[in-house]
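Trainee: Pulled these from TrEMBL:
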TRANSMEM  A:6-32  transmembrane segment
TRANSMEM  A:44-61  transmembrane segment
TRANSMEM  A:67-86  transmembrane segment
TRANSMEM  A:98-116  transmembrane segment
TRANSMEM  A:136-161  transmembrane segment
TRANSMEM  A:192-213  transmembrane segment
TRANSMEM  A:219-236  transmembrane segment
TRANSMEM  A:267-285  transmembrane segment
Amino acid sequence: MTADILIQVLVSGLLIGLIYALVAVGLTLIFGVMDIVNFAHGEFLMLGMYASFWAFAIFAIDPIVALPLTALLLFAVGVIVYQTVIRRILKAPMLSQIFATFGLMILLRGLAQFFWKPDHRLIPHSLVSGNIALGSVQFGLPQFVAALGAVGVTGALWMFLHRTRLGTALEATAIDREAATLMGIDGQKMFALAWGIGAACAGLAGGLIATFFPIFPEVGSNFILIAFVVVVLGGFGSVTGAFLAGIIVGLIEVLGGFLIGPEYKTAIVLSLLLIVLLVRPRGLLGKA
Amino acid sequence: MTTATILSRKGVGTIALLALAALLPLAVTEPSQQNFLILILMGAQMGVAWNIVGGYAGQVSLGHAVFYGIGAYTSTMLLLTLGLTPWIGALAGGLVAAAFALAMGWPCFRLKGHYFAMATIAVAEIMQILVTNSDALEGAVGLYLPMDQSGWGVLIFLSKLPYYYVILGLLVLTVLVSWAIERSHIGYYFRAIKDEPEAARALGVSLTRYKLIALTVSAFLTAMGGSFYAQKEMFIDPGSVFATTISIKIALIAILGGVGRLTGPVLGAVILITIEEYSRTLFGSTGSGTDMIIYAAMIILVAVFSPSGVLGLLGDLHRHLGRHLPGAKPAGGETSAKEIRP
Amino acid sequence: MNTAPLLAVDGLGKAFDGLIANRDISFIVHHGEIIGLIGPNGAGKTTLFNCLAGFHTPTSGRIAFEGQDITGSTPEAAAALGIARTFQIVRVFQSMTARENVMVGAMLRNKRVAEARERAEAELDFVGLSHRADTPASDLTVSEQKRLEVARALATEPKLILLDEVMAGLNPTEVREASALVHRIHQRGIASIIVEHVMEGIMPIAHRMLVLDYGAKIADGTPAQIAENPAVIAAYLGE
């Protein structure tokens, strides 16, 4: 293996890893704040992609331009999901919690299929297209822009969590819910906020990849398991951990696929999940 | 006295139900309708098997397709390569699945709750990928059972009726195993582990040992269901037996009917398979998403409003009515053992 | 007959991530003795219980039960040897009836359901809960749930029972009943270590009191001796 190929592989891994990170930060935020695994998280990404698609198909708005709208829309979806379903299962047995979000996952897929057909769709002419060549290393401009966007959004989220009052309260709730409640933070409000932000992050990831990834009702399934791995590796509830872990998972996936075979890349990532769960369940940066 | 009456009433009810199930195909002669009944029994069998580990012991597996697939592939490969009868093949599949359950449960049971559920999904997904890429198992192409043979020896039939009785027998076996566990100390230990694992340990219950028992027995029975699937469909591929959607369906049947109750999954299968089949015929074939929407709406409603499933809902109703009926007695003694909330 | 003391704890220490919860604790419990274990909040009483019952592995020191080293054994092994416990925050099996809760305990010695049921009836009677046998454990009052935990622990046929604040939150009548219950446990030849804040419940019945403060044992003696011990008085006043 020459150095050029290695660099090419690493760059691809990095680019996709940053997207994984963005999908996972929302998931980890929700889990950290309320100990609920959101199986429907991939569907938030799917909705983000469709939002971009329809903005493009109906209003001819480019996915990149439509990003703020996508974020707002998905924030609303997240809050609505929380208020209608999640709020009612906060104290329910774990089985009910798993199945509530699992049901949401299937419901959103079903609705997408019903209204938008199971076809694969593409956004043909985005503002960003074509390839960039840096020496011998080549990568797509859409992928590059998406990765850049992912860094921007994750960075903005980090700033929000660490530099604003509301964000600090949310972060505090994610780190130690009981302590946060004792400090007078309104749990319900934080929960709703976590769902809104979590969904918005996934939606933004969807909007960012809509320029180069096929759009179909089941697209979320490609991302949800990987997002789980990222969340576990990064440590449940840790945004910084998820960001780092996203990059690591992206690199391992692409590198592993390259070395062992692309058909095994998901298996490799999932094996990583098992290894992390067994060896260091709290993840890289997670609370004990 | 009361206990004896209830028991005998239960016994009579069970025998009546079995007789009804045995005679049902005499009334339902249309092959497609017989097929529908077979699907319900298959679903019920999976659900009852899952319930042992997911319901009684409270260890939520979302990867049971791995056992289903192992069962289907083991019996089919033994039939194709050695010509071994599926009667033995299904047992072999059960044993392989049980061994796999032991190997997987040993590390995975160190994880609790959501973590365990996620690990089981991962195991099943990895297995699906491995089988899809295995040349020895024909990979994504799948395996066809021999079309040129039929009869009880190879468990391949041209009509639906024999399949109906085979799966009915397997369901009865699965229910019997589940019933025996529920009534023995193992059943009590499972429920103790589910309710308060630390307290169970303080009473001398080894969590690992009993969780492994639950998973292993459940895996064995699930694998037998997988073998039956292969015999009935005469074709298997990774997507039809190892897919996570199968795992979900298995768990859903149990949760819909009522987890931790003997008859819950049977009821769940009747409801779920009926909805699945009818939404398919009513709203056209798959792809419209309607079946998924109905399916999902039911999951969410059950999860939000009735964590103990439809059976729990009926139980609440019964208690509610019972309170207002003259001469009604509060449930107690043997019956209370069945009134399990998850 | 075994001449070793029932329980011998020697230099026991337990630290969590550098935070010391127990340090150099040594004491002996004889067969059938009633030991009161007191100390201010955070003195390490529950940690000590968790070490004795196998829920924590001590960082240092030894625990011997009937002369056998059980340091770092598992809870289920401790239970099998004859150490039973209750929990500070009750942990009854919510989905089971009171009787079934106790049956789970009885199954440690006898796996037959019918015999476990008989045993459970006897223990429920012993703690005065016979009339609640068919009640779901979740419907019992907290005081009843605490007694249920005692019955469940006794059903394992222990030689030593660790009672963690069984009198907390009880009214004076209930405290007297609980004291009487501990005394009847003693009459069955079962030793008990009782963590308790309710002094009027524990002082009259304990044969000996152990006092912990900041994780260390600061006193060990009869209730009368303890009541006059300056170190104990200082620890409590200093709280």
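Each position is counted from 1, following the chain as shown.
The backbone N, Cα and C atoms fix where each Cβ goes, and this holds for glycine too.
Help me see these features in their spatial surroundings.
Mentor: Within the chain carrying the transmembrane segment (A:6-32), a Cβ under 8 angstroms from the stretch's Cβ atoms is held by residues 38, 41-42, 44-45, 136-139, 143-144, 146-147, 150-151, 153-154, 157, 170, 173-175, 194-195, 197-202, 204-205, 208-209, 223, 226-228, 230-231, 234-239, 241-255, 258, all 6 or more beyond its ends.
Same-chain neighbours of the transmembrane segment (A:219-236): 20-21, 23-24, 27-28, 31-32, 37, 39-46, 49, 105, 108-109, 205, 213, 242-246, 248-249, 253, 266, 269-270, 272-273, 276-277, 281-287, counting only residues six or more beyond its ends whose CB sits under 8 Å from a CB of the stretch.
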Trainee: Look over the recorded stretches A:67-86, A:98-116, A:192-213, A:267-285 and say which has the most C-beta pairs under 8 A to the transmembrane segment (A:44-61).
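Mentor: By the under-8 Å Cβ criterion, the transmembrane segment (A:44-61) pairs most with A:192-213.
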Trainee: Go through the chain and flag residues at least 6 beyond the ends of the transmembrane segment (A:67-86) whose CB is under 8 A from any CB in it; none is fine as an answer.
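Mentor: Those are 34, 36, 40, 44, 47-48, 51-52, 55, 61, 100-101, 104, 149, 191-192, 195-200, 202-204, 206-208, in sequence order.
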